[in-house]
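The [4Fe-4S] cluster binding site feature in Swiss-Prot is assigned to 19, 23, 26. Residues or ranges marked as domain 'Radical SAM core' by Swiss-Prot on the basis of sequence analysis: 5-236.
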């Protein structure tokens, strides 16, 4: 069994925090019109400060502007230009900005090496609880997004959010839905298994997901999902070293994007790199960098992106 655990050295840029969804567990969003938008000049300052400091991936993460909003086009154009900017500075963009149209996904494929969208849970009962004010959390819309990503040959990351009112059966149903779509298109790189962790801004009163159960969920995911999908866990949300290690023993092999700040979970800082290595090495695990696109998908990329990815692979010997 391989004892290699991967992560992506990443930095997150946020076009806007405003979001027309209002998930009761969210620690990220602000109300529409209440959040300023990131300017390209400010984004350039942020990205230039990262040059030659080890960052590979630029994750564009945004609140959602309603599809019918008069600001939707400007929102999308900003996201596109931010990805272009990241590419121009030699970084590799990955975008996760919520529900997109098929044509929007097709456009963003030209400036992203991979994309993502959390499926969270496909049970419709959450639309009466934590997602009752979240129109884009309707399960069939998110499943459609995964289908389109496959049709468009976009390397994709999705995942489950645990502890938001679902059951063990719901976990399995969501994992099986991901498996079925992947077996059709073969495009899903990673599935994130994310425990809900309460923060200072959420409205929902909850103790969060019991992380002691996380190794069990990993084992279930490892059984349900095809072996060519990598299971990812966020180390900043798994504070107990023994739980993190148990998750690895049960099949998790990736720790996601690790950078200065977790925008989605701002109350949970990423672990210090050396401390993480110490925990992993105590059980014979080796932490290694990866790119935000797996090598088996390089040929899916537009030629200009493929060339940039190839330069990174040669530079870091990541194949």
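Each Cβ is built from the backbone N, Cα and C atoms, and glycine gets one as well.
Annotated [4Fe-4S] cluster site 19, 23, 26; additional same-chain residues within 8 Å of its Cβ mean position, judged by their own Cβ, are 21, 22, 25, 28, 29, 63, 134. When pLDDT is averaged over the domain 'Radical SAM core' (5-236), the result is 96. Around the Cβ of residue 19 ([4Fe-4S] cluster binding site), a 10 Å sphere holds 22 further Cβ atoms from the protein chains shown. Of all the binding-site residues listed (23, 26), 23 sits in the most crowded Cβ setting, with the most other Cβ atoms within 10 Å.
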